[in-house]
Amino acid sequence: MSRVLRLGVNIDHVATIRNARGGDHPDPLRAAKIAAEAGADGITAHLREDRRHIGDRDIARLRDEIDLPLNLEMAATAEMLAIALRHRPHAACIVPEKREERTTEGGLDVVGGAVHLAPIITALGEAGVRVSLFIEPDLRQLDAARALGAPVVELHTGAYCDAAAGPAREAQFLRIDKAARHAQALGLECHAGHGLTYDTVEPVAALPAIAELNIGHFLIGEAIFVGLHQAIARMRAHMDAALRGGVAA
């Protein structure tokens with residue numbers, strides 16, 4: 001396997017469970033350490049404006065106490081920019097955010113939001129934070145991301161994962177494939193994530209232009225039944241099988 005495909009584990013919903021009753025258990029930091037042992041290459045955490053799961057203290061602890069790179073998902077706001085500049089995570093993924101949504105529902109409108117996004121991308125980059133933009137697999141959005149100087153894009157895989165197996169899912173997969181190849185041609189590093197499961201991850205993992213997958217909700221849910229280490233290790237096995245062109249055990 002000459003190609004390297006990184007796995008970023010999103011631990012937001014460990015904090016969701018903790019916050020359901022308050023207190024400190026389960027601890028996202030402990031989850032991050034288990035993820036590292038299970039084969040994760042990085043930790044992703046989304047500090048939402050309403051702090052519904054991950055909190056400010058979590059970001060500080062993850063940045064200071066975990067050896068793996070931290071990918072901070074953040075809205076394009078002055079508050080979140082200040083937090084990112086204070087903690088200086090390895091990477092920051094700018095995502096759209098609406099208070100009424102249960103989870104991130106779609107990609108950024110980079111085409112329409114270029115004026116707002118440009119200074120945020122510049123400030124993060126100058127601070128040594130690697131910036132990615134969470135976008136739909138849309139060529140116009142990719143072109144706009146490149147024009148803004150973002151080094152990384154993350155393709156939203158939600159429509160692909162939500163589609164029924166068969167022609168509908170295949171059509172969504174082809175969009176991801178085309179977008180990933182376009183990103184690579186533009187010189188962008190291409191990541192993907194949102195909604196990926198054991199059943200949907202391998203085709204995306206097999207795409208040569210994809211460098212990283214970020215997966216969270218499914219892994220935390222699966223951990224209820226098999227434990228977090230096993231849930232993550234199995235996802236890593238599916239990704240490795242895709243790189244080999246085989247099938248995970």
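All residue numbers here begin at 1 and follow the chain in the order shown.
Glycine too: its Cβ is placed from the backbone N, Cα and C atoms.
As written in Swiss-Prot, here are the features:
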ACT_SITE  H46  active site, proton acceptor
ACT_SITE  E73  active site, proton acceptor
ACT_SITE  H194  active site, proton donor
BINDING   N10, R21, G195, G216, H217  3-amino-2-oxopropyl phosphate binding site
BINDING   D12, H13, R48, H53, T103  1-deoxy-D-xylulose 5-phosphate binding site
SITE      E154  site 'Transition state stabilizer'
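Feature map: Swiss-Prot annotations on the structure.
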| residue | record | DSSP class |
| --- | --- | --- |
| N10 | 3-amino-2-oxopropyl phosphate binding site | strand |
| R21 | 3-amino-2-oxopropyl phosphate binding site | helix |
| R48 | 1-deoxy-D-xylulose 5-phosphate binding site | coil |
| E73 | active site, proton acceptor | strand |
| E154 | site 'Transition state stabilizer' | strand |
| H194 | active site, proton donor | coil |
| G216 | 3-amino-2-oxopropyl phosphate binding site | coil |
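In sequence order, the recorded positions near H13 (1-deoxy-D-xylulose 5-phosphate binding site) (Cα within 10 Å of its Cα) are G216, H217, drawn from E73, E154, H194, G195, G216, H217. Its Cβ placed at the centre, H194 (active site, proton donor) has 25 other Cβ atoms within 10 Å. Between the alpha carbons (Cα) of H217 (3-amino-2-oxopropyl phosphate binding site) and D12 (1-deoxy-D-xylulose 5-phosphate binding site) lies a span of roughly 8 Å. When the C-alpha distances from R48 (1-deoxy-D-xylulose 5-phosphate binding site) to the recorded positions R21, E73, E154, H194, G195 are tabulated, the minimum falls on E73. Rounded to a whole number, the C-alpha distance linking D12 (1-deoxy-D-xylulose 5-phosphate binding site) with H46 (active site, proton acceptor) is 6 angstrom. The highest number of surrounding Cβ atoms within 10 Å, among the recorded positions E73, E154, is found at E154.
By neighbour count, meaning other C-beta atoms within 10 Å, the densest spot among the binding-site residues G195, G216 is G216. Overall, the recorded 3-amino-2-oxopropyl phosphate-binding residues N10, R21, G195, G216, H217 cover a maximum inter-Cα distance of 26 Å. Counting only the Cα atoms, the space from H53 (1-deoxy-D-xylulose 5-phosphate binding site) to H46 (active site, proton acceptor) is about 8 angstrom.
Neighbour count (other Cβ atoms within 10 Å of the Cβ, all protein chains): 25 for N10 (3-amino-2-oxopropyl phosphate binding site).
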